[in-house]
Amino acid sequence: MEDGHSKTVEQSLNFFGTDGERGLTLDQIKTNQAKYGPNELPTEEGKSIWQLVLEQFDDLLVKILLLAAIISFVLALFEEHEETFTAFVEPLVILLILIANAVVGVWQERNAESAIEALKEYEPEMGKVIRQDKSGIQKVRAKEIVPGDLVEVSVGDKIPADIRLTHIYSTTIRIDQSILTGESVSVIKHTDAIPDPRAVNQDKKNILFSGTNVAAGKARGVVIGTGLSTAIGKIRTEMSETEEIKTPLQQKLDEFGEQLSKVISVICVAVWAINIGHFNDPAHGGSWIKGAIYYFKIAVALAVAAIPEGLPAVITTCLALGTRRMAKKNAIVRSLPSVETLGCTSVICSDKTGTLTTNQMSVSRMLIFEKVEGNDSSFLEFELTGSTYEPIGELFLGGQRVKASDYEALQELATVCIMCNDSAIDYNEFKAAFEKVGEATETALIVLAEKLNAFSVNKSGLDRRSNAIAARGEIETKWKKEFTLEFSRDRKSMSSYCTPLKASRLGTGPKLFVKGAPEGVLDRCTHARVGTSKVPLTSALKAKILALTGQYGTGRDTLRCLALAVADSPIRPEDMDLGDSTKFYQYEVNLTFVGVVGMLDPPRKEVFDAIVRCRAAGIRVIVITGDNKATAEAICRRIGVFTEEEDTTGKSYSGREFDDLSIAEQKAAVARSRLFSRVEPQHKSKIVEYLQGMNEISAMTGDGVNDAPALKKAEIGIAMGSGTAVAKSAAEMVLADDNFSSIVSAVEEGRAIYNNMKQFIRYLISSNIGEVVSIFLTAALGLPEALIPVQLLWVNLVTDGLPATALGFNPPDLDIMDKPPRKADEGLISGWLFFRYMAIGFYVGAATVGAAAWWFIASSEGPGLTYWQLTHHLSCLGGGDEFKGVDCKIFSDPKAMTMALSVLVTIEMLNAMNSLSENQSLISMPPWCNLWLIGSMALSFTLHFVILYVDVLSTVFQVTPLSAEEWITVMKFSIPVVLLDETLKFVARKIADVPDAVVDKW
């Protein structure tokens, strides 16, 4: 039933043909079960394990590697016997890499849809219904409840379906619907129709939402929605329809993979094609087919060389290290790729309550009368510090610190705060923090009384828990609460009837302590307390009080005000009808006004500075809240989202105002706004959608079930540590401390991680380009193999992998939060960066081939061949004067390959040092600024020596130990790479990479 809130009780019952006293008949129940289905959220049909496994191989680079492995395996079957073992190493290693990557991918996918399943925890198991087949109330399984059923709920019950209230049996019924609407205090419900068909969930005061909890009271209602037709069911539908989007890094790596695959294909075909003339060379036994296969193997080796197999592992390791650093800053990352996405966040959409504020209501101002002479009067206006539930704070009057015990009226005010109250504060030892037990507003009054300590209780030597209840304990020795007249909507107040336990300044008789909305309480006040005396309260004095509370409730503070009063001679309990709440108004009469307290959910101390940092970093902060517009704007001024005098026209919208705009106007509003108030979940999702259409990268915070679709849709969903399991499951990140400034720290960490990733990607790619150039040169020039596939895999995975991982520990640049966020569509490799890759890569390839050629031609320990002999080595077996005296086996001597491999490894270690910074010289950023890098370089060299000097490994990798002369030559070929990169960095600093300045568009 749509718009059930706008229908009267009778209309709602008639819609389903429900008897308001006896419920549905069995026939009606069966009909409705067939029509509407079971009252449950359907189980998500996940992908099978084999579907997930196959998806992991749906990637171009992976397909190329898989093809290379299959071809290598087939070719290995035709190898000569002595080479069979080494031939199988290459395809085996490639397959192991692919399997490891697939396992990680499947594991991540398996966790992806847990958010939808987490919604199940909000489904109640049982419900209490009234049906015509049995008399009285019967318990049934919640999934058997149908639209039209009469359901009864009471304190502690979980609402089993969306219910339109028809009757309230208690004074009031309060519902904790924070999981659905984000409201921090429980909501008082009623049975009246709400005529607005477009009312948001917060305003549907006659609807009990499925999955929410009854905080107080007892009521009956008719079910208007079950299963997917409930508010929580609609959220489930929205979440299941939300498509997962790839992170900017994943998109860039996909693009990079496509480009690389095209380049690989062209080079492989080119290498094979340019050697067609050598297919019949004597080295292949004069067989054209054997020659074709030989060069096909070289093409496969080229593919293996070009793909950075170690890149996925290094990226995963770097992101995992980033998550550990973020965890220390209270940001728990659930999705690894989102770590990098944080670095390009351009908009943070933040919830107000609990994220920008403490979510701990706190009294900041209060007033009492100083003097009253006729209509001439003056007030004492106090201010209090402290913004949490821990009762620590100072009392100020006119900027001067004062003691509450010096003001008699404050003793009475503190007494009203404690006695007219059903809440408390509790010390949570695990969290080492104070928490509310009951209503936030009442808890603020308890904390106020403790801060005031108006009766000067000695708190010295008390532990934190005892210190926090000392003033309450003192007041409760003076008064005993007999009963409470609960809050009701008609009078907007509550009161407690108390009797004295011992004599006090307030007299010896019973009192009725009252608190409530200022207008309602003042209407029933006849007198006012001034010190210890009591004076008549004229209409002029009432107007002055209301004018002051009006100021408190608007402007910068927008405080929630409560008036406190006392009935000095209350009506006797025996003359009260406590069973009829409509008569409570008659008992709260002849009141004496005591004072007004103004409270707010105060901003967190660190938020203002965090927003200043966001502005400096070019990040827009949009506050999205369920609060009313005036309160939200006041908080935004306090935290720096708006300046004190800034006109918010066109920058602040309520949910209703936003809905009234055309689509074009809505997009324009999202482009410039900084505040959306009184919003619903679909507003959040729509805002994210529009931001994504503008190529903005948005981080969205939330804590309730209602926030889950937007959290899932945003590039970065950020759930609160105190939030619901659904929100946490849908989010990429969880804030352990619910603190906005932790988001800013995480963004800074994300930027640093991206910079480091660029460095190690550059490092690995230049290495791969070097390997490709090496193989291309040997094939194009007709030289013997300088590097074989198993060596390339060793370099790509192990030797290069360790320094690449260590580059993830590079310290962040000092000006990292003074630059604008990078654009999501910014290429991973710019034109200038590509030129640098090619320049370094070409040198790596040339030096590697040059080292092998040096051993053949110029080494004192080598064969002393001519360049012509070397480039025509495949003709050696055919005889001829050109190869007279040359042993043709020398062309497959492992020494030349060892020289090439050693130069490649050494250059890569020096190149790792070059990658400490994109543009900073090694003079200004020396290697020891990252000790992890020095350690990894040492380990890589050690591993290289192991494969050279351990016989079994040297056989597998076809290498051999080098002499001192050969090592000196290796260094001569390697060191120039540092000079080349320093030159390129100098050019970049002066010309190519001038950073953009941050422009504050908002």
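Glycine is no exception: its Cβ is also placed from the backbone N, Cα and C atoms.
According to Swiss-Prot:
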BINDING   VAL304, ALA305, ILE307, GLU309, ASN796, ASP800  Ca(2+) 2 binding site
BINDING   ASP703, ASP707  Mg(2+) binding site
BINDING   ASN768, GLU771, THR799, ASP800, GLU908  Ca(2+) 1 binding site
TOPO_DOM  1-48  topological domain 'Cytoplasmic'
TOPO_DOM  70-89  topological domain 'Lumenal'
TOPO_DOM  111-253  topological domain 'Cytoplasmic'
TOPO_DOM  274-295  topological domain 'Lumenal'
TOPO_DOM  314-757  topological domain 'Cytoplasmic'
TOPO_DOM  778-787  topological domain 'Lumenal'
TOPO_DOM  809-828  topological domain 'Cytoplasmic'
TOPO_DOM  852-897  topological domain 'Lumenal'
TOPO_DOM  918-930  topological domain 'Cytoplasmic'
TOPO_DOM  950-964  topological domain 'Lumenal'
TOPO_DOM  986-1002  topological domain 'Cytoplasmic'
TRANSMEM  49-69  transmembrane segment
TRANSMEM  90-110  transmembrane segment
TRANSMEM  254-273  transmembrane segment
TRANSMEM  296-313  transmembrane segment
TRANSMEM  758-777  transmembrane segment
TRANSMEM  788-808  transmembrane segment
TRANSMEM  829-851  transmembrane segment
TRANSMEM  898-917  transmembrane segment
TRANSMEM  931-949  transmembrane segment
TRANSMEM  965-985  transmembrane segment
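In this chain, the transmembrane segment (758-777) lies in contact with the transmembrane segment (898-917); the count of Cβ pairs under 8 Å, excluding pairs fewer than 6 apart in sequence, is at least 3.
You'll find the Cα of ASP703 (Mg(2+) binding site) roughly 47 Å from the Cα of GLU908 (Ca(2+) 1 binding site).
Of all Cβ atoms in the shown protein chains, 29 besides its own fall within 10 Å of the Cβ of GLU771 (Ca(2+) 1 binding site).
Counting Cβ atoms from all protein chains shown, ASP800 (Ca(2+) 2 binding site) has 29 others lying within 10 Å of its own Cβ. Away from its own ends, the transmembrane segment (788-808) comes close to residues 72, 86, 89-90, 93-94, 97, 300-301, 304-305, 307-310, 313-314, 317-318, 321-322, 753, 756-757, 759-760, 763-764, 767-768, 771, 897, 901, 904-905, 908-909, 912, 915-916, 930, 932-933, 935-937, 939-940, 943-944, 947, 956-959 of its chain (Cβ-Cβ under 8 Å, at least six residues beyond either end). Spacing of THR799 (Ca(2+) 1 binding site) relative to ILE307 (Ca(2+) 2 binding site) is 15 Å (Cα to Cα, whole number). Excluding ASN768, GLU771, THR799, ASP800, GLU908 themselves, the residues of that chain whose CB lies within 8 A of the CB mean position for the Ca(2+) 1 site are, in sequence, LEU764, SER767, GLY770, LEU792, VAL795, ASN796, LEU904, VAL905. Here the Cβ of ASP707 (Mg(2+) binding site) has 32 other Cβ atoms within 10 Å, regardless of which shown protein chain they belong to. Long-range contacts of the topological domain 'Lumenal' (950-964) within the same chain: residues 85-86, 89, 788, 790-791, 794, 861, 894-895, 897-899, 901-902, 970, each at least 6 residues beyond the stretch ends and with a Cβ under 8 Å from a Cβ of the stretch.
When secondary structure is read from DSSP and collapsed to three states, ASN768 (Ca(2+) 1 binding site) falls in the helix class. Long-range Cβ contacts of the topological domain 'Lumenal' (778-787) within its own chain (Cβ-Cβ under 8 Å, at least 6 residues beyond either end) map to 271, 274-275, 278, 295, 298, 301-302, 305, 771, 848-849, 852-853, 856, 870-874, 891-892, 896-897, 900-901, 904. Looking at the topological domain 'Lumenal' (950-964) alone, the prediction's average pLDDT is 88.
Residues within less than 8 Å, Cβ to Cβ, of GLU908 (Ca(2+) 1 binding site) and separated from it by at least 6 positions along the same chain comprise TYR763, SER767, VAL795, THR799, ASP800, PRO803, VAL844, SER940. Ranked by Cα separation from ILE307 (Ca(2+) 2 binding site), the binding-site residues ASP707, ASN768, GLU771 are led by ASN768.
Here the C-alpha separation of ASN768 (Ca(2+) 1 binding site) and ASN796 (Ca(2+) 2 binding site) works out to 8 Å.
Using a Cβ-Cβ cut-off under 8 Å and counting only residues 6 or more beyond its ends in the same chain, the topological domain 'Cytoplasmic' (918-930) has close neighbours at 755, 758-759, 762, 806-807, 809-811, 978, 982, 985-986, 988-989, 993.
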